[in-house]
Structures are given as C-alpha cells and as structure tokens.
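For reference, the structure discussed in these notes is given below.
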Amino acid sequence: MEAPYSMTAHYDEFQEVKYVSRCGTGGARGTSLPPGFPRGSGRSASGSRSGLPRWNRREVCLLSGLVFAAGLCAILAAMLALKYLGPGAAGGGGACPEGCPERKAFARAARFLSANLDASIDPCQDFYSFACGGWLRRHAIPDDKLTYGTIAAIGEQNEERLRRLLARPTGGPGGAAQRKVRAFFRSCLDMREIERLGPRPMLEVIEDCGGWDLGGAADRPGAARWDLNRLLYKAQGVYSAAALFSLTVSLDDRNSSRYVIRIDQDGLTLPERTLYLAQDEESEKILAAYRVFMQRLLRLLGADAVEQKAQEILQLEQRLANISVSEYDDLRRDVSSAYNKVTLGQLQKIIPHLQWKWLLDQIFQEDFSEEEEVVLLATDYMQQVSQLIRSTPRRILHNYLVWRVVVVLSEHLSSPFREALHELAKEMEGNDKPQELARVCLGQANRHFGMALGALFVHEHFSAASKAKVQQLVEDIKYILGQRLEELDWMDAQTKAAARAKLQYMMVMVGYPDFLLKPEAVDKEYEFEVHEKTYFKNILNSIRFSIQLSVKKIRQEVDKSSWLLPPQALNAYYLPNKNQMVFPAGILQPTLYDPDFPQSLNYGGIGTIIGHELTHGYDDWGGQYDRSGNLLHWWTETSYSHFLRKAECIVRLYDNFTVYNQRVNGKHTLGENIADMGGLKLAYYAYQKWVREHGPEHPLHRLKYTHNQLFFIAFAQNWCIKRRSQSIYLQVLTDKHAPEHYRVLGSVSQFEEFGRAFHCPKDSPMNPVHKCSVW
C-alpha cells in the first residue's frame, strides 16, 4: 500500500579474424600470413623451372595452404586457451588486457563466491549452509547492529558514500534542498547544542498539548475545557503521532485514480499486539522493559506520580491491543472484506464519540461536506474505540495521547532519552551498543530529506547505462512470466487473459525518479526552514511540512509514477494499488548487481529479487488487485480454488520449519514465500533465455561450478545473514518474511532445476519427490 508522503555482465566477445589466402591459379605471390608466423625463403615464380616442375606447382600451393591453416589453428587454439584457461579467462579472454574492468570484476566475483562457500557441506543436504557457511564463519554482528549480512554490507558501502556527500561544503552546484540536507545533518551531529537544551524542546511540545493530567478532576484549571478532538488534532495533524487510530491519505483501493482519507487501527507503541498480552516468557520480559522505559521518560519530563501514569497508559494500550486484529489475521489479509467506504455523516453515526467533520476540517484545512467519503479499514475496531473513549477517564486518555507524541519525538532529544530508548531496544532485540551518531544522523537525513539525498547519490553512483541494463533485465524476466502463464495447467483461459493484462500494464521504475535531475523540482519537496543549531525544530518543521504535502493530495490528481522510497534505499518493492515495481539505485549495486559480473550472478542476485517483486503481483495479497491497481477479483472461482490449494501446500511446508524453538508461521509468510519461489524460477528461466541468445558463459576462474550452479549460489548468498537471538523472536513474530535460512531452503528444494543442476538424489532434503509450486 502507498504510505503518506510524510512519513524509502558484459564480455569482450571473441573477434573472429578472417585471413585471406591469395594462393590460387595465379601462383603464390603476395601470400598474406598472420602476425607471428615465420616467413619462409620461398622462391619466386620466376625461378628456375628445373627446380620446380610444372606438375608440382599445385602441390606447393596446397602445401602453403596447409601450413597457413595449421598456423591459423594454432593461433586460434592459443587464443581459446587464454580465454578459457588463462588468468584472464573470467574477464573475456586473452583480448582482455591485464587490469581491464571485466577481468577485475570476474576476479572479484570469484573471490566473493568462494570465500562465502563451505564446500565441505553437501549442497543436496543443506544448500544454505553450503552457500553461506564460509561467510557465517568469517563474520560477526557489529556491536551496534541487530543483524549483519551480505546485503547489509552493500548498505555499509552506500552509507559511506552518503556520508562523504554530506560532508562536502554546502556551497557549489545543486539547489536549496541539497544545502538544507547538509545543514540538517550537521544540526543532528551537534550533540553539544542538543545536550544544552536537554528536555526543554519536548517540554514545550507537552505544554502545547496541554501538559500532563489536564483531563483530571474538575477542579483542575482547564479541566472543563478539555476536548479530546483538539488533542487528537494536535497529535495527528501537528506531530504526526498515531493515537487510537491512524489517519492517512492514500490511493483508493477500489478506484486507484483518486486519493482518499483512510482510517485504520493504530496507536500501539510496541511493534506487535501480542507483546501486550504477555503470552510467553519473552513477551513478558519485553513488556516489563517497556514499563521501565515509560517510567524513565516520564521522570525525565518532570511528570509526577510516574508509576501510576505509566501503568494507566500501559493498561490503555493493552485494551487497544485486545481489540486490534493482527496484521497476519485473515481478516486483515482479505482487503475486500476490510474495505468499508462511508460518508462523513455515516462515520459520525458509526463512531459517535468523536467530532469527525471538525477533526478532518482542522487537519486538512478544508470544509468537508457530510457526503465526503472516507475509507474505514477497521470498522469493528473503531466501534470499540468509541466505547473505550466513553468508558476511560479523561485524564488517562489525555496522558495516553501526550505519551504517543512523546514516543514519536523522544529519539531527537539529549543523551538520557537516547539511553532509555537503547535500553528498551537492547531488551527487545539484543543490540549491545547504541548506533554511532553519524549513522543515526544519516538515518534521519534519509527519513526527512530522502529525495534530496537521493539526488546527490544518483548523480555520482548510478549511471544511465546501468539503468538501461537493469531495465532490460526486468523485461527479460517479465517475458518469462508471460510464458509461464501460458504453460500453467491449473489456470483457465479467462484468468490467464486477466493475468497477462496485469503483466502488460505493470509499471517498472528503475534507479531514480526523473524529477531528481531537476534541482528546482527537488527544492519544492522541502520548502521549510532548516538551521544548523536547531535540530529538534528542524524535525518539527519537516513533520509539519510533510503533513501539508500529504493532506494536499486529497484534491490532487494521482501520479502513479511517484516513488514511495528514495533512490538510495537498499530495498525494492511492488505496490499492488499502482501495479508498480520499483528498484532503487541503492539496491542495484555490487554484489547484487554488477554490469561486469557473469550474467549467472546478476540473474541469481538482483534477478531473483526482480522476479520476487514481480511475483508479488500474483500472490495472496497482490493478486487481489487488477491491472489498474484496483481491488477487483479477476480470477474465476475454479482458478482461484486451484491457487488456494497450491498456496496451502506452501503454508504447510513453512509451518514445519522452526528456529530457536519457534515455529515459522506459514500463513503469515505466505506472500513472501510465494514471491521467493516464483522469483527464483523466473530469474532462472530468464537466465536460460539469455544463454540461448548470447551463448554459454566462460567458466569462472578457479571455481569448479557450472554457471547454472553459480546462479543458485548467488541467490543463496543474497541471504547470508546473522541475527541476534533476541531479534529472531521479533522476526518470527512480526516479519512477513521467513528466516533467511528457510527462504533459501524452501525455495531451492521446491524447484526441480536446482536438483538437476547439483545432481541431487531423488528424495534428498533439497530434492523431495513431492514439491509445492504456484508460479
């Protein structure tokens, strides 16, 4: 779904040299020999006839031709030997001089692959450990990180590039936005000024919200004037803090040509509702740590009766958790069932304890009519929220809303607040050491000036040539999906036609949005003040301007070419309500993609990610949307029932995987597992198409593996990763992706071409007889 704006090989081909022999009926004059051939002392045609009888001239000519042919064969053999066996073989053969880009890239690729492998492990028993065992042995998780993997290493490279760009002087070419992002970055680094201010910036925000306990006893000053709607406006419309529910502007799922206001369940601080329910020892520990965190922040902000306040706010959040529905519940995954478009007048009747027209008028600076339509995505939840408002003391409601604002902004305060946040994160996820300040500030620059920073990034680190090559790779993989659709035996003709139409209409965005090349267009995204000495105020200015941009969209025409993430993002995504795939420049970097790598590695690396995102258009979530991005059931009942049966096979497969005594939830991870499996197949068959069109690739120097095997190794090495044990608990609980080990094993074991490439015996762990397959 689209979020509100305010809130992420080529070779030197063998050149055949055609040498022309002029030996013929006219004699041997002018014979041309390739360079390096020794030239004989042959006699001229005018020599003594007695030394060269007439009948032997043909023999001499024939002999010369044979000598020439033998010499030519010797040269060709030498060239091929250099190409295939010499140190430059991986780089395109003997024609590639020492130090040429292809040779260096191939050598780098070979070193990377071989260092990550553990050849002592049978790939047919545990392909992940075979492909990643060497990497796992050699790497530890940095103290300030929860995880570390091969993709994270690309992120480190991108971060270093961004830091260097931000460290440059503010002057020079570029628009105001580039100067602002550098000033913002410096303001974030200025901890001396941040420490000097201490809690003061947050205390001013709390005062703006009415202070603590304003909704208390009637004899308190201001108690009679307390208005929940005004405080909700402050929280949601000024500070962008979701409280009780969320208000966003997004594409209308049933009419993606227009924007609509969406109201949904929200307002919890912890990342998953079940953490509030303390159903196991780990969630009990996290809940206890959260209570300590609340008390610590409340004390830092001068609140009284800290334990009581913390307990009351926590109990209110627990009530919200009890009436919320998990994001992985069938009720949430079925978008059509959740979608409920109502008028403002109807909304007021459904949820009567809020003044909806007044609230939306204030946030959107509009005068909405009672007939204005909004989309309610959690009708039952919102009805229960209305009852919760009625039954909860005003003082507790007020403190909860103020707390939600505090949680959103406290990371931008002085060291005591940051230390409290780190202690909570340490208990939840296990990171021992806080992130270094420069990384924190780079993250904030990405969040608040993503496109401005992206303009700097793509100018120096992503070429138009790379963009064109990746676009061609995407088209090859799309072509394969079109073929696969035709070959499916479980999908009828009517559904195939709709699936092909969706593929044809799918938009593909690669690298960066074109407006980044125009400084004045980038400047319009950041028309707010930034000063080097006012970091907290810079944050507030950014939040308020982002809200303005978001609310203005409600009356604007939809631009389906807009991007959700900036180009430096180390990510890729598919948006079903736009039918749009996006591959930012940040992920199109070595080792996922390198134009000089063998194509087996590019298709196994970035190609499987492209196939993954493409398959999302046809998984259990994306498959609910049609070619225009509208929520519309385009399947026949017969085809859809076949799809569900095939999907259930994948659910059962992943339900059998466990990590740290936690069972992977096959239903939670279904969409990502379908995409992993489908993406692997599409990329593999696209690579086979490339080989048919360009010819087999040359062996990678000093590696004994075929390029089909290297394709699968590259895929697996995308997901070489280490996680802290505490973070695995949250991953299994909240992540829609299966743990990386099982992303690899689940995908390759269900693909017959993998077993064929590695000669895996039938019914070995990586080549079971019965396989799950959708696409």
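Quick reminder: no glycine exception, Cβ is built from N, Cα and C everywhere.
Small disclaimer: the values here were computed from a predicted structure and weren't measured.
The cysteine that Swiss-Prot pairs with Cys720 in a disulfide, picked from Cys100, Cys124, Cys132, Cys188, is Cys132. Among the candidates Glu532, Glu672, Glu693, the one that Swiss-Prot lists alongside His612, His616 as binding Zn(2+) is Glu672. Disulfide pairing as given by Swiss-Prot: among Cys441, Cys649, Cys772 connects to Cys649. Among the candidates Cys96, Cys100, Cys124, the disulfide partner that Swiss-Prot records for Cys760 is Cys124. Of the listed cysteines (Cys100, Cys188), only Cys188 is recorded by Swiss-Prot as the disulfide partner of Cys441. The subset of recorded positions (Cys124, Cys132, Glu613, Asn656, Cys760) lying with their Cα within 10 Å of the Cα of Asp676 (active site, proton donor) consists of Glu613, given in sequence order.
Of all the disulfide-bonded residues in the record (Cys124, Cys132, Cys720, Cys772), the one with the smallest CA separation from Asn656 (N-linked glycosylation site) is Cys772. For the disulfide-bonded residues shown (Cys124, Cys188, Cys441, Cys760), fewest C-beta neighbours within 10 angstroms: Cys124. Set side by side, the glycosylation sites Asn255, Asn322 differ in how many other CB atoms lie within 10 angstroms of their CB, and the most is found at Asn255. Per-site Cβ counts within 10 Å over the disulfide-bonded residues Cys132, Cys649, Cys772 peak at Cys132. Sequence-distant neighbours of Glu613 (active site) (same chain, 6+ residues apart, CB-CB distance under 8 A): Ala572, Tyr573, Tyr574, Met581, Phe583, Ala675, Gly679. When the C-alpha distances from Cys132 (disulfide bond) to the disulfide-bonded residues Cys441, Cys649, Cys760, Cys772 are tabulated, the minimum falls on Cys760.
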